[in-house]
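K.L.:
Provided herewith is a single structure, encoded as structure tokens, for subsequent inquiry.
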Amino acid sequence: MDFNLKKRARHDVKVEVVSLESKFPHNVMIYHFPPTEDVHIDEFEDLALERLRLLRVFDRATTKGLRMMSDDWKEYVNAELTRDGLRGYLRMCSSHSGGIKQEADLQMRRRDYLSHFILRLAYCRSEDLLRWFVAREMEFFKYKFAALSTAEIKQFLEENSFHIQPLTEAQKDEVKDGLYESTVGQSVAKIELLEFYKVPFTQVLDLVRTRRCYLKAGYAYVNTHDLVSIVAARQLEEIERGMQAAKAFINDVEADERISRMLKSLHNSYTGKDYTVCKDASVPIESLDQLSKTSMPLCMRMCHDHIRSQHHIKHGGRMQYGLFLKGIGVSLEDSLRFWREEFTKKMDVDKFARSYEYNIHHNYGKKGSMVNYTPYSCMKIIKEMAAPGDCHGCPYKSLDPPTVKAKLAAYGLSPGAIEEVMFFVTRGHYQFACGKYFMLTHNSNVEPTINHPNSYFEESQILMGNRQKSTRTPGPVQPTNKRAGIRGAANRSMLNGDDDDELWRIAESQEKAYLSQKGIAEAFDDDLDLTQITE
Ligand code: SF4
């Protein structure tokens with residue numbers, strides 16, 4: 001055990017808390033100045049994937065058609081942030097987020113700030129990406145701002161030079177009738193206590209459009225909480241200007257091939273739980289026929305049916321279904337037996353051994369590069385272009401609508417249920433279609449978020465009482481050999497409680513910062529200086 005290393009880490013924490021408080025004084029900050037610290041490439045990647053998970057939560061809420069800031073929207077976003085292991089971000093968006101800040105909260109502000117700037121680099125490369133990013137960032141910003149107390153908002157306005165002063169009592173008295181009439185959902189007593197600001201009406205056109213403020217002589221009278229319209233406009237301007245700056249700078253950043261590859265593929269990255277190894281259960285192949293009917297999503301059920309009926313499946317299907325089976329808990333030996341029993345109905349055992357066994361060992365990380373391959377996510381499967389005769393890919397996308405309907409009917413769905421699924425299929429929301437199929441086939445009122453066939457299977461098994469719900473929060477898929485060196489330097493057993501994963505990430509960040517400061521050659525080689533991203 002390295003006691004010296006632990007002591008150094010604790011000392012660094014104290015210093016860092018002080019500096020974090022001055023660097024990141026608020027949960028809500030205008031992203032104006034690019035970060036000035038060096039970031040280790042591992043942390044760079046972690047932050048990028050974490051932010052992507054965050055923005056995808058807001059994206060899903062939008063795709064579901066929930067009205068922003070409605071109770072349903074908040075309930076959904078909060079539940080998804082919790083489910084995706086983003087409790088730190090959730091705390092930033094909670095109305096009781098004021099008070100004395102703990103180290104974890106300050107570290108979250110740092111992560112928020114850094115990760116925003118990192119994603120600018122990934123999302124500045126096309127108009128579509130840029131639009132998506134800006135829209136999601138603004139949703140997150142507004143949600144955070146809505147959680148600020150009146151005192152915090154005043155402080156925020158001062159520190160960011162908004163030059164807006166609240167009305168004095170006398171000024172408020174002059175327009176009080178207008179304020180009573182135009183402030184929706186507040187009692188007179190509450191309105192008396194609210195602060196109001198007088199601003200040119202052109203600064204709050206969205207409030208004017210939705211008749212949510214009192215207008216007089218070209219000025220709008222806006223209460224503290226509706227000030228978000230003004231501050232969001234500034235934030236939007238900052239982000240859009242920063243995106244142009246990032247665009248100009250992107251070629252320099254991408255000179256490093258590792259960064260370039262990561263940034264280019266970021267938007268399509270899978271950010272959910274890693275199903276590479278199944279530790280929770282073992283699934284005997286004798287139960288696959290039954291499981292295919294009860295717990296497999298359409299993409300895997302079709303692969304299974306194809307193998308059973310044709311006794312063969314092409315390479316794409318073998319990869320998709322073979323890795324899925326590994327992820328649900330089919331052992332290598334059982335997997336070999338399953339494929340052998342089917343394939344040898346059409347070929348001799350020697351040919352199977354020569355042509356297929358190596359590939360199965362390979363998927364389990366036992367031959368060749370010895371990489372334990374990760375089961376495919378929905379995003380990867382949906383992108384697959386299946387040729388005629390292939391049975392892999394996402395059927396909601398790869399099959400034409402009449403064929404999907406016929407398949408669903410063959411699998412026992414009623415005409416009404418089929419229409420419910422097809423509603424999403426025809427609009428190109430394949431994962432929502434899959435979620436609806438799950439609800440209908442499990443008689444469930446809760447719509448799961450489907451982003452991985454293995455998560456579909458797991459949810460199904462949990463609902464049927466065959467598996468326990470995992471208490472671990474999902475995190476990005478990590479290549480198995482990548483972080484071993486750095487993780488070994490800290491001691492995970494020091495961390496307890498629900499926020500283990502979050503605290504662990506922070507501990508890792510500190511460890512990396514320490515390595516970076518000490519100028520360890522390897523760490524230095526991997527650094528990217530974000531200060532170079534200037535406007
Ligand atoms: S949405 Fe995902 S799990 Fe569902 S069928 Fe398509 S690829 Fe499979």
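Every residue gets a Cβ built from N, Cα and C, even glycine.
Annotated [4Fe-4S] cluster binding site per TrEMBL: CYS299, CYS378, CYS394, CYS434, in sequence order. Under the heading domain 'DNA primase large subunit C-terminal', TrEMBL lists 289-457.
Walk me through where these features lie, including what they touch and how far apart they are.
P.N.:
DSSP gives CYS434 ([4Fe-4S] cluster binding site) a helix state. Within 10 Å of the C-beta of CYS434 ([4Fe-4S] cluster binding site) we count 27 further C-beta atoms, all protein chains included.
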K.L.:
Using a 10 angstroms cut-off on Cβ to Cβ distances, just flag whichever of CYS299, CYS378, CYS394 is the loneliest among these binding-site residues.
P.N.:
CYS378
K.L.:
Taking the recorded [4Fe-4S] cluster site as CYS299, CYS378, CYS394, CYS434, identify the other residues of that chain whose CB atom sits within 8 Å of the mean position of the site's CB atoms, giving them in sequence order.
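P.N.:
Here the nearby residues are PRO297, LEU298, ILE381, ILE382, PRO395, TYR396, LYS397, TYR430, GLN431, ILE450, PRO453.
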